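Asker: Per TrEMBL, the features are:
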- B:3-61: domain 'DNA replication complex GINS protein PSF2 N-terminal' (DOMAIN)
- B:65-169: domain 'GINS subunit' (DOMAIN)
Amino acid sequence: MAEAYFPVGPGLGAEENFLSLDDILMSQEKLPGRAETNLPRLAFALGQGAASGDSILEGSKLEIPLWLAKGLHDSKRRIISVEPPKIYKEAWRTVFSADANVVDLHKMGPYYYGFGSQLLNFDNPENPEIAQTILQTFISRFRRIMDSSQNAYNEDTSALVARLDELERALFQAGQKGLNDFQCWEKGQASQIMASSLVQNYGKRKFTDMDD
Amino acid sequence: MEPAEAEFLAEKELVTIVPNFSLDRIHLIGGDLGPFNPGLPVEVPVWLAINLKQRQKCRLIPPEWMDVEKLEEIRDQERKEDTFTPMPSPYYMELTKLLLNYASDNIPKADEIRTLVKDTWDTRIAKLRLSADSFVRQQEAHAKLDNLTLMEINTTGTFLTQALDHMYKLRTNLQPGESAQSQDF
């Protein structure tokens, strides 16, 4: 059951992995922010005006994707300032500390952990609390992921993974794979030769079909 | 490691058979396998025993731990203790599967044995998950588990190491380390 290719995983932490698809998708999520200076003729780029001559006035509110926010963020030349999205703010933090298992993390931005780790790059007085909340959320949800991934064999798991964010889904799949491998082996399928899943998707004519 | 690889390693264990053919001592790279005389028990590795059994050249004798009372004792002790009890063989799961699949006619009460071993396995896996959960919850630095077998480690290993990796990276977020180098234009 060896994989045919190894995808580059997300670099969870202060730096993203450049080649990871998960990180690229994650950095597309938007942050609320405001422009600190006038940005002449850039209204169309930030989605605010149609004509190419419009400029963004100082102090206007913007929704900026993370990759752009990281590039423009600089404490000396204050171009924009960002603040964490509401899910990382005080109100939601108390929800997470009360019971993290009920929250639908997929709906709240499917990259809660990755995005939260990237947020810590911006100077923000709430950073230590945000980091602590993310860690505690992960720890509380760990038990449920472990139990559901190790016990659902050959069932429809879409109800179980619906509320997990992408990082947790990858973990869930790893747990499922361990379980599936073991069950396969116990049934005796591990020693049977089967066509690789990649090859089956090619849709080539099979040997038995050529006799027609 | 995959279950099939663990099974391969398990096939090196010795088991007693009673052959129905005769053969002089054979010299293999791993060691000698003693002379085979019909009707006299001899110890061979499991891979050879399974092969001979499939060719109907021997009769398998179950290992002494593969017995209903013994396994019931083991299962009850496993349920009583909070830690892992030593298992009669470090490959009990693989040996059970191999012997019961290929030689169930030589093993009395094969179905009960299968059930008992499965019960013991379930108890041990549940204990493993409990200890993994308390490990994560208390954010310990390292843990020590005695008397785990290879198959159990394989089943939960990948998941646990990945989860601990993620937890470690989230923990390093807590330290406000040196800020990343940014370019000044």
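Each residue, glycine too, has its Cβ placed from N, Cα and C.
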Asker: Per DSSP, what is the residue count of the domain 'GINS subunit' (B:65-169) in each of helix, strand and coil?
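Answerer: Secondary-structure composition of the domain 'GINS subunit' (B:65-169): 75 helix, 0 strand, 30 coil.
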Asker: Helix, strand, coil: count each for the residues of the domain 'DNA replication complex GINS protein PSF2 N-terminal' (B:3-61), based on DSSP.
Answerer: 17 helix, 22 strand, 20 coil
